[in-house]
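Annotated in Swiss-Prot:
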{"type": "BINDING", "residues": "S106, G107, W108, G218, H219, R254, N439, L440, S441, P442, S443, T473", "note": "substrate binding site"}
{"type": "BINDING", "residues": "D179", "note": "Mg(2+) binding site"}
{"type": "ACT_SITE", "residues": "C217", "note": "active site, proton acceptor"}
Amino acid sequence: MSPSVRDARNDLASLQQQAAAEAEDIRRWWSQPRWAGTKRVYTAEDIVKRRGTFPVVEYPSSVMADKLVETLARHSRNGTVSQTFGVLDPVQMTQMVKYLDTIYVSGWQCSATASTSNEPGPDLADYPMDTVPNKVEHLFMAQLFHDRKQREARLSCTTQRELDQLGPEIDYLRPIVADADTGHGGLTAVFKLTKMFIERGAAGIHMEDQSSSNKKCGHMAGRCVIPVQEHISRLVTVRMCADVMHSNLVLVARTDSEAATLLSSNIDARDHYYIVGASNPEVTVPLIEVLDAAQQAGASGDRLAQLEEDWCKKAKLRLFHEAFADQVNASPSIKDKAGVIAKFNSQIGPQTGASIREMRKLGRELLGQDVYFDWDLPRAREGLYRYKGGTQCAIMRARAFAPYADLVWFESNFPDFQQAKEFAQGVREKFPNKWMAYNLSPSFNWPKAMPPKEQENYIQRLGEIGYVWQFITLAGLHTNALAIDNFSREFSRFGMRAYAQGIQQREMDEGVDVLKHQKWAGAEYVDSILKLAQGGVSSTASMGKGVTEEQFGSSNGAKL
């Protein structure tokens, strides 16, 4: 084909010119204040190459992401909090949006109640990867529907009195933040999962630093984290996918390292300070060999557990700096033991990122001999390294993740304000304006953890130190269980009185719109569509004469 007849799609100069213009558009997008704290390891040109030729469109989820950012920014300015909880279904969603400004979709709840395989289970992220995106779509479609239904009703009013009788407008379009777990696999899985969330209505997602093959609920034992850089690659992939799709998706980086006991690989020097090793030179046989030999000899599970406990005790499992201190204290030739230990700790600490090579070198210089420390001997059967996390470990990881995410979150085992404060100060020492999230977990025993007055103020106290988004992951599940348990018990005892007085009358008294469930489900709205399609009349309208919902007028003391 000659240059004179070659069209722009097949002319390299034209193609490059078009790509350059698209890249400039992306750079303008990235220059917005929204991205002031976001680090990207790729260029606008890299993103252009990975987009197709279809015109760039704005996903509805991106509009909701902008709304989420505005919501969190307002709370950050005011020292207030966006507080929410894990929602199970559209019924819960339509009630919570009257009072709360964001919505949370929990992977735990989806695993137990909404897996796309219909096989329930605990929160191990072993459900199909479209499970949580499907729940997001379920809720987002309901949000859009109830928003349309409400607008039709309000625009059908002919007087201010009629509009006033409907009450204040409800914002059904509250931004949804969803649980992306560990990404459900490698980086290509992370990319595809992110794409699903964007397509199905999520304003934001959170992703944690656990191993995808060993994922546990954030309040279970045996949590295994991945190297720092490996999780950064996940976060980069999420943002890259969003950039390819021209989405302003909000990303929350979660770390489970505070209570982690295992690490998948020792490749990242930032993790070396927290890896546990054997410090007793008399122990030379790896734990796994001891256990394998015992198992082959017919040892029971209890016997194997006892052997492991005995081996670990004899091996004197320590972090490197602890092993160094032990060996300094045991050395008769070192007089100023405290001074030597202090000198080591002044150069090697939780936030220094020193490698094992650097720690060994300094230890040798100060001790006069090699520090005995072997982190391979106690490795777990799966090949995992033993890890001793903690708050400082969570701070280290949150700092590493912060440039790649909009919010950071550390999963904790207790609702400990001082620990939350330590984490916030540690993060904001390096990233002063970083937003933080906090899990008000139902796995905590709240009545035991603090008195009622402190429970009432806990959210606000956290908000004042930077935790702008807080959520009860499983409140939807627990309120559902409590309500059904109570009603079932009363129904078995009192028959219809339990429903009439305990449910229906309370709906009337409290103005719960689901009282008129046909109207709530959109029967009037759909009737209006049928009438519009048939020239203004429909003999099959569902809310016409004879519908039993006429029984629920403005009488009976109902607020509706």
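All residue numbers here begin at 1 and follow the chain in the order shown.
Note: Cβ is positioned from N, Cα and C throughout, glycine not excepted.
Everything Swiss-Prot records as a feature, shown here on the structure.
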residue	record	DSSP class
S106	substrate binding site	coil
D179	Mg(2+) binding site	strand
N439	substrate binding site	strand
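Across the structure, S106 (substrate binding site) and D179 (Mg(2+) binding site) place their CA atoms 6 angstrom apart. Ranked by CA distance from D179 (Mg(2+) binding site), the binding-site residues W108, N439, S441, S443 have W108 at the top as the closest. Fewest Cβ neighbours within 10 Å among the binding-site residues N439, S441, S443: this applies to S443. For the binding-site residues S106, W108, the greatest number of Cβ atoms within 10 Å around a candidate Cβ is found at S106.
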